[in-house]
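S.K.: Heads up, here are the entries from Swiss-Prot:
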type: BINDING; residues: Trp10, Lys14, Asp54, Asp181; note: S-adenosyl-L-methionine binding site
Amino acid sequence: MKKNRAFLKWAGGKYPLLDDIKRHLPKGECLVEPFVGAGSVFLNTDFSRYILADINSDLISLYNIVKLRTDEYVQASRELFMPETNQAEVYYQLREEFNTCQDPFRRAVLFLYLNRYGYNGLCRYNLRGEFNVPFGRYKRPYFPEAELYHFAEKAQNAFFYCESYADSMARADKSSVVYCDPPYAPLSATANFTAYHTNSFSLTQQAHLAEIAENLVSNRIPVLISNHDTALTREWYQLAKLHVVKVRRSISSNGGTRKKVDELLALYQPGVATPARK
């Protein structure tokens, strides 16, 4: 089956892992995603309905606008994908406009421009909540018109919420399946890792996410979580069935060294015996 790409570039996006994720994702009527990101799993599955959430208000506002005002949004966004906008001076002017803009529609248009023209498709904010990704210097950024229309069509069966992972997971019922793609865990308890939003994701929150998954599966609601394969994640997900995906992603650790890390898929499935928590 042909894979559908997201219209946003996204750090840590799950497009390369779709086959593995779908292989282990349980069946159900509704998919709940507390960390929707660019939405690759949503775009490549066939649930009857979707509950999609993220803590990034710009992202959720964008998705609701694409869902409800598709043609208007595509037309307005296309106007920024021109040779004359592909220069640093214009980029920084539009970035400044984004950071002061109060109009949700214009802000959503600028968000797509910044995503495609900014460095590596990063979505990063400073402590004041200002988008601060530098200019990317790409030859000709791609305007994702087909991807926008596909997203909008698929989104007619989705509800988008800007809220915490705990709040969105609380929306799951017996007809739901939950897929969690939290910010990647650090390599160790002392390692630093990138925060893509001003609210960084702590070790306490990583462990709390696993506890919520355990509670949901005890109520017969399956949960699949993806993360780095480390000693920490194996401790957090010790009550799940663990599947290792040989991605061998190279990431920075303390001291500037690079370390190869696989991906871990932790499946909490009702009716599957798991060891007692240590």
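Every residue, even glycine, has its Cβ placed from backbone N, Cα and C.
It should be emphasised that the depicted structure is a prediction, and the values quoted were computed from it without experimental measurement.
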S.K.: What count of other C-beta atoms do you get within 10 angstroms of the C-beta of Trp10 (S-adenosyl-L-methionine binding site), across all chains shown?
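M.R.: The Cβ of Trp10 (S-adenosyl-L-methionine binding site) has 18 Cβ neighbours within 10 Å.
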S.K.: Applying the rule Cβ within 8 Å of the centroid of the Cβ atoms of Trp10, Lys14, Asp54, Asp181, what extra residues of the same chain belong around the S-adenosyl-L-methionine site?
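M.R.: Apart from the listed residues, the neighbours are Gly12, Gly13, Glu33, Phe35, Val36, Gly37, Ala38, Gly39, Ser40, Val41.
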S.K.: By the DSSP assignment reduced to helix, strand and coil, which category contains Trp10 (S-adenosyl-L-methionine binding site)?
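M.R.: In three-state terms, Trp10 (S-adenosyl-L-methionine binding site) counts as coil.
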S.K.: Among Trp10, Lys14, Asp54, Asp181, the annotated S-adenosyl-L-methionine contacts, find the widest CA pair distance and round it to a whole Å.
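M.R.: Answer in Å: the longest Cα-Cα distance is 15.
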S.K.: Test of understanding: give the count of other CB atoms lying within 10 angstroms of the CB of Asp54 (S-adenosyl-L-methionine binding site).
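M.R.: So the Cβ neighbour count for Asp54 (S-adenosyl-L-methionine binding site) comes to 23.
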S.K.: Looking at Cβ-Cβ distances, which residues of the chain lie under 8 angstroms from Asp181 (S-adenosyl-L-methionine binding site) while being 6 or more apart from it?
M.R.: Gly12, Lys14, Glu33, Phe35, Gly37, Val41, Ile225, Ser226
S.K.: Please classify the secondary structure at Asp54 (S-adenosyl-L-methionine binding site) using three-state DSSP.
M.R.: strand
